[in-house]
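A short worksheet on the structure shown next.
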Amino acid sequence: MASTSSLALSQALLARAISHHGSDQRGSLPAFSGLKSTGSRASASSRRRIAQSMNKNRSLRPLVRAAAVETVEPTTDSSIVDKSVNSIRFLAIDAVEKANSGHPGLPMGCAPMAHILYDEVMRYNPKNPYWFNRDRFVLSAGHGCMLLYALLHLAGYDSVQEEDLKQFRQLGSKTPGHPENFETPGIEVTTGPLGQGIANAVGLALAEKHLAARFNKPDAEVVDHYTYAILGDGCQMEGISNEACSLAGHWGLGKLIAFYDDNHISIDGDTEIAFTENVDQRFEALGWHVIWVKNGNTGYDEIRAAIKEAKAVTDKPTLIKVTTTIGYGSPNKANSYSVHGAALGEKEVEATRNNLGWPYEPFQVPDDVKSHWSRHTPEGATLESDWSAKFAAYEKKYPEEAAELKSIITGELPAGWEKALPTYTPESPGDATRNLSQQCLNALAKVIPGFLGGSADLASSNMTLLKAFGDFQKATPEERNLRFGVREHGMGAISNGIALHSPGLIPYCATFFVFTDYMRGAMRISALSEAGVIYVMTHDSIGLGEDGPTHQPIEHIASFRAMPNTLMFRPADGNETAGAYKIAVTKRKTPSILALSRQKLPQLPGTSIEGVEKGGYTISDDSSGNKPDVILIGTGSELEIAAQAAEVLRKEGKTVRVVSFVCWELFDEQSDEYKESVLPSDVSARVSIEAASTFGWGKIVGGKGKSIGINSFGASAPAPLLYKEFGITVEAVVDAAKSFF
């Protein structure tokens, strides 16, 4: 990099990026602008590392080309590029050293590719991290987050000031130990568990392709941005990355460009001990374009040429394998596991400063580097202003499409959308809640522009097909049915990416409830990163019958009730299913899980959409003075059993309250007065029934209450026999209630 006057590369390399350079003034933005503002020489060990990698991969040569370096005169002074790259390295080194905790190796090795991305290629507005048409970047190898914090700091994001860098990994800082989108504006998704990030990136790229296909016009391109990611060997080893990248290739996500940090080092040492597959050929088989940058340490032009080539390939995603040296510049720790996850130490920091010729104090960014990067603030404002003007013209010419797109961008739901949800009476035909769920899904898709989703190869069983729409495929990206195949983990993480792309994108994904075991990692990240994914989980209990214990969830409901920022719904009928969807759609920062039945259930008297909003509510009560003889509490298919047991007890002269506990988390949010009106503290005679683990029910029924459930695995048999075998019966509830009298 050089002075501002020579900031751009040749048009032959980066025409798209430099077309926006030049303006120093922030023009006044139209009312709607997307969203609110809120190398020195390589060491001998490094050179050996490059040579080893080249020899190892020689067999790939006709299959995977190295990036072709164009013979152009760079307009950016290479000395400022070196200085900028080293600024990134030493900000990372200094922050990790001050915290005495962190991962300096990745930032030191990836600084060149990251610098070129953020300084020369990507389009963003640092003063409005939420501008809709920005390019997205995902650091899938989230442990190297000081790389990202350094980039945000240099680029002028208000969220990462020098003091924030000094507070790396400290309580309450904007620079936590892994990137957190809810903590630091400029971070797109929360990464750390390896492989999640690249799968999120697939979701982000899917969202761009879908919205571009729906809303762009021949004379107006209002959706046009790239998704970039950096992933490492650890991400490549995790199965989720293969699931997601397989789908990315199948879908032809041409604006997804992933950089593979090929440094061959993981925590346990050289990857030769456990990871020797041919990644290049695997990705080619997945349908990706693959490029190899042999010298990721100082080969700036190779990196630039690879990005240019990747952008020219529009029908498939691109993997740019960049061979780097982890901990580049450290004389004694580079190319070793010791630089992966620990501070260098005072002596090695000093040796690295000497080795790279870095005379600056900790956290000091040279003035010429600051000056060079400062242009991103006015340029970013101009990018957003230009896009806003383009959208304003689009809005005049295509008002209906613009209104839909604006809803997706802002998250503002259409007025009266909830009226589309079906309602039921006790006279309505009984049905499995999975079928009632499909009625809700199809009703919502008609009125919410950003509603889309699909199943992990179980659409016909989960009942998740949107009948008014076709399949999102490579040739039909405007459609809204997503076919994930048997890839539950990838499905969940891709859905997170979709949800975090734009506030008005509301993804749902589906499988059998028991198979949440395959996707729990992604579901936890949904909760942590405030991604309001709707998880449609059918076959919710032993009620699924003959498939047996491998498919019958037992502990699952309790485990998700224990997960923070998660709504665990188990609706009993049509009204409760509709009520669960109403809440799930509005809770954009909280994922919702709907556990739905395979078996047919009646439409119960007393259930309501409004009741679901309270989490727990009374569906029938013949007592007075808030003093029933006994309170029977049920969820899902067992609420019917509780209601039937109440009728038996009432015939015997007892006053009985029946309570639906459809969502514990929502009940916990209610006032003490409301809770007392449902579960009066003076009434200790309480019985719960749920065809699942009884774990946790003690806080609902109290120390003297009784919980009926299943604390063992299920069995293979018809559902009615299983309910009798495991004691999930009216008789069991009646007997438990009578024990209080």
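Each position is counted from 1, following the chain as shown.
The backbone N, Cα and C atoms fix where each Cβ goes, and this holds for glycine too.
Record note: among 22-54, 55-87, 22-54 is the stretch given as region 'Disordered' by TrEMBL.
Most Cβ neighbours within 10 Å among the recorded positions Asp233, Glu488, Asp547: this distinction goes to Glu488. Take the CB of His143 (thiamine diphosphate binding site) and look out to 10 A: across all protein chains shown you find 22 other CB atoms. You'll find the Cα of Arg598 (substrate binding site) roughly 19 Å from the Cα of Glu488 (active site, proton donor). Ranking the binding-site residues Asn263, Ser461 by how many Cβ atoms sit within 10 Å of each one's Cβ puts Asn263 at the top. If you draw a 10 Å sphere around the CB of Gly192 (thiamine diphosphate binding site), it holds 19 other CB atoms from the protein chains shown.
Among the binding-site residues listed here, namely Pro193, Leu194, Asn263, Ile265, Phe515, Ile265 has its C-alpha nearest to that of His340 (substrate binding site). Listed in chain order, the extra residues whose Cβ falls within 8 Å of the Cβ center of the Mg(2+) site residues Asp233, Asn263, Ile265 are Gly232, Asp261, Asp262, His264, Ser266, Thr271, Ile326, His340. Least packed by the Cβ count within 10 Å, out of the binding-site residues Leu194, Ile265, is Leu194.
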